[in-house]
Each structure stands twice: as structure tokens, then as C-alpha cells.
Amino acid sequence: MERTFAMIKPDGVRRGLTPEILARIARKGYRVVGLKQMVISRETAESHYGEHRERPFFGELVSFITGGPVVAIALEGENAIAGWRGMMGATNPANAAPGTIRADFATTTGENVTHGSDSSESAERELGLFFRPEELL
Ligand SMILES: Nc1ncnc2c1ncn2[C@@H]1O[C@H](COP(=O)(O)OP(=O)(O)OP(=O)(O)O)[C@@H](O)[C@H]1O
């Protein structure tokens, strides 16, 4: 069993996509072991996206991700890290496979509805950044 960190970004929450995305997660058979709607602090956002600090879009990315509530989700299941990234589709929705969340709902690379950890190291780091141990099943 593997755990990963998933997030519905502010554009997805604002557009009312939370129930649809949770339904897709349930259909896939993943167990939701942590869930909260929250506003991310600038400090958390800068830490979460630390690898992009030098990129030209970093300021825009931090403003976007802190600009409204997100839904933070801890998922558990077999191969959950790659499986959830597969459900999201490519970062740029123009390249996302049909039937993925980004192909179905996202319009731009900047506002692409969801996030998912890309490795077991980032999953562990991001779960720790967003959830205290006692908040998880
Ligand atoms: N060229 C870009 N212009 C604007 N925003 C970008 C660009 N590239 C990436 N981003 C933003 O930064 C996030 C992180 O980029 P990364 O390359 O890690 O993609 P990802 O791993 O698919 O996305 P995420 O980390 O959100 O799951 C993207 O989801 C997107 O919101």
C-alpha cells in the first residue's frame, strides 16, 4: 500500500469540482485517509513549490495557490502515486490524455485543477507539510 498527497487547487474548488474529483478517486478504489479544505499560507506554498523557486512563473504560482481555498487529500492505495498522477493527466492540459481530470476540466498549465506528488520522497514531504500525523487515519 502506498500513500500520496493530492490537492484540488483553488481553480478546481472555486468551480465546484470537489465532489466530481472525490467521486473519481472513489471509483478508482483509493482510500481517503486525510481530507481538509484550507487556505495555504505563503510559507507553506513556497516550501511546497520550493523546486520551482527560480522559475519565472514562481510568483504567479504562489499567488494562485494561496488565492483561495484548496482541498488537501491524503490518498492510500496500490500504486497510488503514479495512479493519481495518471488520473490527473499531463501538467499542460493540451497534452493531457482524454478522460483525465486535466483534459476534462483544466484550461491552462498555470491553473490545472489538481496536484499530485511525483515520487515517494515528495509524497512523504508533502503529506508532512499539509497534515499532522494525528489528522491521518
Ligand atoms: N510554464 C508554466 N507556467 C505557469 N505555471 C506553470 C508552468 N509550469 C508549471 N507550472 C505550475 O507549476 C506546477 C508545478 O509544475 P510541475 O512541473 O511540478 O508539474 P506537475 O508536477 O504536473 O504539477 P503539480 O506539482 O501541481 O502536480 C504546475 O502544476 C503548474 O500549476
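Just so it is clear, glycine is given a Cβ too, placed from its N, Cα and C backbone atoms.
For His115, the entry in TrEMBL reads active site, pros-phosphohistidine intermediate. Around His115 (active site, pros-phosphohistidine intermediate), taking its Cβ as the centre, 23 other Cβ atoms fall within 10 Å, counting all chains.
The ATP binding site feature in TrEMBL is assigned to Lys9, Phe57, Arg85, Thr91, Arg102, Asn112. For the recorded site, Asn112 (ATP binding site), the DSSP three-state label reads coil.
Helix, strand and coil content of the domain 'Nucleoside diphosphate kinase-like' (1-137), in residues and according to DSSP, is 66 helix, 26 strand, 45 coil. Among the features that TrEMBL reports, domain 'Nucleoside diphosphate kinase-like' is placed at 1-137.
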Between the Cα atoms of Lys9 (ATP binding site) and His115 (active site, pros-phosphohistidine intermediate), find the distance and write it as a whole number of Å.
7
Lys9, Arg85, Arg102, His115: which of these recorded positions put a Cβ within less than 6 Å of any ligand 1 atom?
His115
